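Residues annotated as transmembrane segment in TrEMBL: A:61-81, A:102-120, A:140-160, A:172-193, A:199-218, A:252-277, A:297-324, A:345-365, A:371-396, A:408-426, A:432-451.
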There are 2 protein chains.
Amino acid sequence: MWRYLKRLLIGRPLKTTDAGGQSLTKFKALALLSSDALSSVAYGTEQITTVLFVLSAAATWYALPAVGIVLILLFAITMSYRQIINAYPSGGGAYVVATKNWGTSIGLIAGGSLLVDYMLTVAVSVTSGTEAITSAIPLLRPYSIGIAIFIVLFIMTLNLRGMKDSASFLTLPVYTFVIVLLGMLGWGLFNIATGKLTYHAAAPVGSAVPGMTLILFLRAFSAGSSSLTGVEAISNAVPNFRKPRRKNAANTLAIMAALLGMFLIGVTFLSYYLGVMPNPDETVLSQIGSAVFGKGIFYYLLQFSTALILAVAANTGFSAFPILAYNLAKDKFMPHMYMDKGDRLAYSNGVISLAVGAIVLILIFHGQTSLLIPLYAVGVFVPFTLSQSGMIIHWLRERGHNWVLNSLVNLLGAAISLALVVFLFWLHFSNVWPYLIIMLVLLAGFYKIHAHYTMVASQLRLNNEQAQLHDYSGATVIVLVSSVTHVTTGAINYARSIGDYVIAMHVSFDTNPKKEHETAKEFKDSFPDVRFVDLHSSYRSVAGPVLRFCDVIAKDSAKKNYSTTVLVPQFVPRKPWQNILHNQTSLRLRAVLNSRENIIVSTYSYHLKK
Amino acid sequence: MWRYLKRLLIGRPLKTTDAGGQSLTKFKALALLSSDALSSVAYGTEQITTVLFVLSAAATWYALPAVGIVLILLFAITMSYRQIINAYPSGGGAYVVATKNWGTSIGLIAGGSLLVDYMLTVAVSVTSGTEAITSAIPLLRPYSIGIAIFIVLFIMTLNLRGMKDSASFLTLPVYTFVIVLLGMLGWGLFNIATGKLTYHAAAPVGSAVPGMTLILFLRAFSAGSSSLTGVEAISNAVPNFRKPRRKNAANTLAIMAALLGMFLIGVTFLSYYLGVMPNPDETVLSQIGSAVFGKGIFYYLLQFSTALILAVAANTGFSAFPILAYNLAKDKFMPHMYMDKGDRLAYSNGVISLAVGAIVLILIFHGQTSLLIPLYAVGVFVPFTLSQSGMIIHWLRERGHNWVLNSLVNLLGAAISLALVVFLFWLHFSNVWPYLIIMLVLLAGFYKIHAHYTMVASQLRLNNEQAQLHDYSGATVIVLVSSVTHVTTGAINYARSIGDYVIAMHVSFDTNPKKEHETAKEFKDSFPDVRFVDLHSSYRSVAGPVLRFCDVIAKDSAKKNYSTTVLVPQFVPRKPWQNILHNQTSLRLRAVLNSRENIIVSTYSYHLKK
């Protein structure tokens, strides 16, 4: 049943060699990897105006210069990432670049930041997508957290099916959004030109705003820098591109940056021209859409495709997180289970961890995008800074063609990212401080895990000497008997096949001595040749007496150079649910006996026919 | 750590023979078993006036005749239960009496009702206790559900410590409540007599109330019948009494009924005389208390002791539920785990199930006592009816001394209980219907479990023939090898001690053929005498290839009359948390291999030193 359901939801398993086929064309890669960056237009402008609006409506014109600076940063960061694609075509992004150039500790800071950041990508995109839905359908507003969690689980399921399937599925919403948004900007500008959309700006560009300070401007601008998140996704996923990988990846990055720049400036201009103000119940994009299109079919198409591209953006996290977790696990900084590839080659454990993390974030922040954004931006710009500065080291070491120009480009990228991190900690500290705690915990975890794996490996290694073979003279087998049934018969038969000395052991509790001897008698009648030991427990515990007895026997066996096995007979019901109807004694006994190094625990399973 | 915590919270384990010492004096039994009935004074009167108040304030005088009838019922039911104590001194209550006299199906209806009823006892008592607290300290009102759940968990912990300890602990609150309530009634009546408390009744007794109907009166009266809940607790727990058991139990029942009667009529009279009206924010008892005592120390003592006795009342459920679950499990209608006695002889599984059930009820009904009460009353009066009518059958069959009189007493009890069940279904159907669904599910579960246990027993039974011994000619042992380490060495050594033919098996996935052959080479270098089989899996699954290979080997072994063992080596980290850092492959493999009847799965554990 479960197997069938899994197959239905997740699809048939793929062979290892199929992995090569999981490669992406530019067209698909744009859908799968650029949605995070492109969709940030749904909240980027809004973050800027929200900060400015706290001062006054007039101050919102400053959104235009703020977006202008964001665009410059976008250009610089795009250039730097094109260089990373060329230098590290095997992917891995900030974690790999920072580790290779800065060393392990800095690499782990980058890696840890990104792990958190991918969870925030999912959380921010999904909550923002939910806001797009509830802006269009106010009826759904009370259920927004539930809707957000549902979307996360839905995307998780898609990802457990494997990347290529998801990509085919996801091209449609991304390109729909691109077309609808281009349409809205075009139609908006056309109507402004023909005078059908009238000028409603709260204050003209350049007008003096009382109380406006540079710090407020920086606050607004740094909040808007969240629009730059997601730019790194393509450079992390170079190995997933169709060949020639570097070229395809670099070109996809350029296309994405151009689109994002157009969207940002267009949306910000329209919001300024139409005098749109931030409103907790309706997103800025929704307000622009209803002003440009009216509340007709195009408006709903805009909202719907916004929600969908944000869902696809959440998917970016699902593509990137498992790869990063895999890289960290391979380097022994995260549990091995992130290296287990599930069916369909998706890194199932990573996908599931990410979904759980995102849902926790959504619940903690009550599904409010604006509370998540500053944390999200820090999580992005810390690894940006580390990988860009790592690239400078790379160029200085390599000194290849054009190394001076290349390092200057990366220096610009690093400087901008560092400035943004400083601004975010300085001006948004009340939202950003959890980053410090999370990173401390993550780094401590990374090192603890690494130390454990190193220690285990050194203990298990055979050190090139020949294995120490030991020849036992024989084997003692202790069979636990609760009552004399077909299970006992089977277990005794098996025990005699592996053991040279077989003992049956029974624990009795009944204060009624008659019943106590009944099992002993029954057993001796059925198996006259097997030694039977009856332990009496005055406490109602099986584990204690069994353990004490087995220890004694194991000691005796060792003297005779015998190995010691404890055979726990159990019966297996036909249906799994029926297991809860039977005593879990055998489970408990196995757990207790496993604590003994000189005792091997074996289970004899008798399968019920009906 | 866990062991230590458990010991600290639950105490040291008791020997089986200590069970006799767990017996109760009348003084303690009254505390432990009567609190449910006595504490119902905290909500009984309020249930009646709440129904009447829906019509008008004037209608509330009808609470007096309603309580009068409840008192008559109390007398009749007490008489009937004294007879049950004498006839069935081994306890078990309605389930035993109904099963013995009516047959299994009716017995199960009684038993199922009581299981649900005990959960409701806990839920109602705890929510009502919480209301006593929030009436006195309105600040705590927003946290009432949290407080209720905390109280349930606290009582659960006490009960996991064993009954006698709980009893000593619980005598104080019960007797405090009895004294405080007697004091309140006495002081109230004294002040009425001296004219210090003035008459505020909304309407004098006997005044005509427009709109008053017999149906409304019956509705009010049947809601008030919830005061009779808990009367059966003593008759169910006769075996826990100190000898002479019957006499002590019967006398305790009589004392309890007298106190309850006094409390009910006193509280109802004061509420009438003082014109107290039901109020969702303050209980009736709290209003009476503040009118009689003023908001001083005595008022807070009243509220506090009310909350405490209600907590003790919840404890009644904890004493009774595990005994009933034990009886049902012994008769194979509930899972065997309810027969597992934990440390300290408390039936831990029953205690925990009850706590979980009560918490679920509190959450479903948002901690509102009045919504829980009608369901509670049905859960009580159905088994009352069945056990009382069962007693009639008992007397008719026995025809002992005074059998006619005895059966008339029980006939009265049965008739009253049946009438109450009819009233509750007729007049409170909107609150009571879940009872029908719960009972259907429970009964289906009982029968399904019974059928399963019967079937299993018949399959395992040896049918008195001699056990079929089978002599194997030898043993094949398959050792799973993932890499060549100290774990492998130990496992191979052990395998050779139990097996006549040892095969090492390795599954490789790597598409890189070089690495694939590395393990094979390493193994052959270390263990030149052991056969090594390298399976290649093109899917990233270990389980499939292992299972197929083991099936082939098991078939060959069977031909040679060999048994087949699969040895799964694993290493055990020093600290349990470290287990999550290692592949759960061995766990999965064991689960899969356990599905094969002809393969015995054994685990070789290598213990890490650091």
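Backbone N, Cα and C define each Cβ position, glycine as well.
Nobody curates TrEMBL annotations by hand; they come from automatic prediction.
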Legend entry - Distal contacts, the transmembrane segment (A:199-218) - CB-CB under 8 A, six or more residues away: 51-52, 55-62, 64-66, 272-275, 277, 423, 427
Legend entry - Interface present between the transmembrane segment (A:371-396) and the transmembrane segment (A:102-120) (three or more C-beta pairs under 8 A): yes
Legend entry - Ranked first among A:61-81, A:252-277, A:297-324, A:408-426, A:432-451 for CB pairs under 8 angstroms with the transmembrane segment (A:140-160): A:297-324
Legend entry - Stretch-level contact, the transmembrane segment (A:408-426) and the transmembrane segment (A:252-277), CB cutoff 8 A, at least 3 pairs: no
Inset, instruction - For the transmembrane segment (A:172-193) and the transmembrane segment (A:371-396), check the count of CB pairs under 8 Å (sequence separation 6 or more) and say whether it reaches 3 or more. - result: no
Legend entry - Range from A:61-81, A:371-396, A:432-451 with most C-beta pairs under 8 A to the transmembrane segment (A:252-277): A:61-81
Legend entry - Same-chain residues at least 6 beyond the ends of the transmembrane segment (A:371-396) whose Cβ lies under 8 Å from its Cβ atoms: 43, 47, 77, 80, 83-84, 87, 93-95, 97-98, 100-102, 106-107, 109-111, 113-114, 116-117, 120-121, 123-124, 127, 222-223, 225-226, 228-229, 232, 361, 365, 403, 406-407, 410-411, 413-414, 417-418, 420-421, 424-425, 428, 431-432, 434-435
